[in-house]
Amino acid sequence: SIHRVPLKKGKSLRKQLKDHGLLEDFLKKHPYNPASKYHPVLTATESYEPMTNYMDASYYGTISIGTPQQDFSVIFDTGSSNLWVPSIYCKSSACSNHKRFDPSKSSTYVSTNETVYIAYGTGSMSGILGYDTVAVSSIDVQNQIFGLSETEPGSFFYYCNFDGILGLAFPSISSSGATPVFDNMMSQHLVAQDLFSVYLSKDGETGSFVLFGGIDPNYTTKGIYWVPLSAETYWQITMDRVTVGNKYVACFFTCQAIVDTGTSLLVMPQGAYNRIIKDLGVSSDGEISCDDISKLPDVTFHINGHAFTLPASAYVLNEDGSCMLGFENMGTPTELGEQWILGDVFIREYYVIFDRANNKVGLSPLS
């Protein structure tokens, strides 16, 4: 049983805010802090996710909750573990223009007295936990615990073109100890294999998907390179080094990287970011003339003995003729040392398999 969820690529939040003349003000009020997602969990009921890196494009798909079904657009996020959607209890402006779950309309809903709190780079979500049937593609997950938001402070969610988030990372980082959706799919024997795979299309193309329980052979014709996980928290792997052209620029003594579909850019430590933009000859804000793309060198990630190369066409984002690097600087170092986030800029170049049975990530080159 293999189940495909098509993903839509949303207009970037950066562009929507720019169109409304709100970008500068937004960035002042919400300084970008990607590190907040990956900081050690402060309390058992808190986990971090980078809502801000949904600044660029986001890929989202539809799920349904309840009986009869109520539909929601969610980001399938391999960098977090909770499922949550807005609820009718939410009076924040962000909830007013999104779909809201109404538990009184579902005959299968079971309430709890538990609360959930999730902090983001730009704000936080707090709410209550409940149980219901969650339909993902043709899979009905019974008794799935999920968050019903009561507050979504800040204007951030207001402009997002998705309603909630479905986390696909490990139970160990789930806020309030809530069992993640994929863990229930496995324990309820709803998938043929204990893995899922992700294809994210390039600019403007359709066809992105998450496939639960299988690998689509049409996307693995160039072979699959398997990388063992270094931790069962995020989908975390060890990188050997990073090169620009043939020059060794970062990750000198190996470093940790997280493969994160919920982060649109490629996030790296401050020192690495400074060295890379210097080597690329790009200004510190990452803006670049679109005419220069052809002159830029490849950036290569050496992982488990294999070179994974990003050409400039992959790491430079062109939005309506203005170009910027798809790299972001992590800012504060995490307790995990030098950490990288391989977001959508990286994932678009590979068909990625997230294998829970063997705790590995598989990467198959797409071009």
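For all residues, glycine too, the Cβ spot is worked out from N, Cα and C.
For Asp77 (among others), the entry in Swiss-Prot reads active site.
Asp260 (active site) carries neither a helix nor a strand DSSP state and counts as coil. Taking the Cβ of Asp260 (active site) as reference, residues of its chain lying under 8 Å away and at least six apart in sequence are, in sequence order, Asp77, Thr78, Gly79, Tyr234, Trp235, Ile341, Leu342, Gly343. Look at Swiss-Prot and you will find Asp260 (among others) tagged as active site.
Secondary structure at Cys90 (disulfide bond), as computed by DSSP, is coil. The disulfide bond feature in Swiss-Prot is assigned to Cys90-Cys95 (among others).
Residues annotated as disulfide bond in Swiss-Prot: Cys251-Cys255 (among others). Cys251 (disulfide bond) carries neither a helix nor a strand DSSP state and counts as coil.
Feature annotation from Swiss-Prot assigns disulfide bond to Cys290-Cys323 (among others). In the three-state DSSP classification, Cys290 (disulfide bond) falls within a helix. Sequence-distant neighbours of Cys290 (disulfide bond) (same chain, six or more apart, CB under 8 Å from its CB) are Val316, Asn318, Gly321, Ser322, Cys323, listed in sequence order.
Annotation comment: Swiss-Prot describes 59-364 as domain 'Peptidase A1', evidence class sequence analysis.
The N-linked glycosylation site annotation in Swiss-Prot covers Asn113. Taking Cβ-Cβ distances under 8 Å and a sequence separation of 6 or more, the neighbours of Asn113 (N-linked glycosylation site) in its chain are Ile128. In the three-state DSSP classification, Asn113 (N-linked glycosylation site) falls within a strand.
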Cys90 (disulfide bond) and Cys251 (disulfide bond), distance between Cα atoms, whole Å: 43
Whole-number Å value for how far Cys95 (disulfide bond) lies from Cys255 (disulfide bond) (Cα to Cα): 39
Protein Cβ atoms within 10 Å of Cys95 (disulfide bond), excluding its own: 22
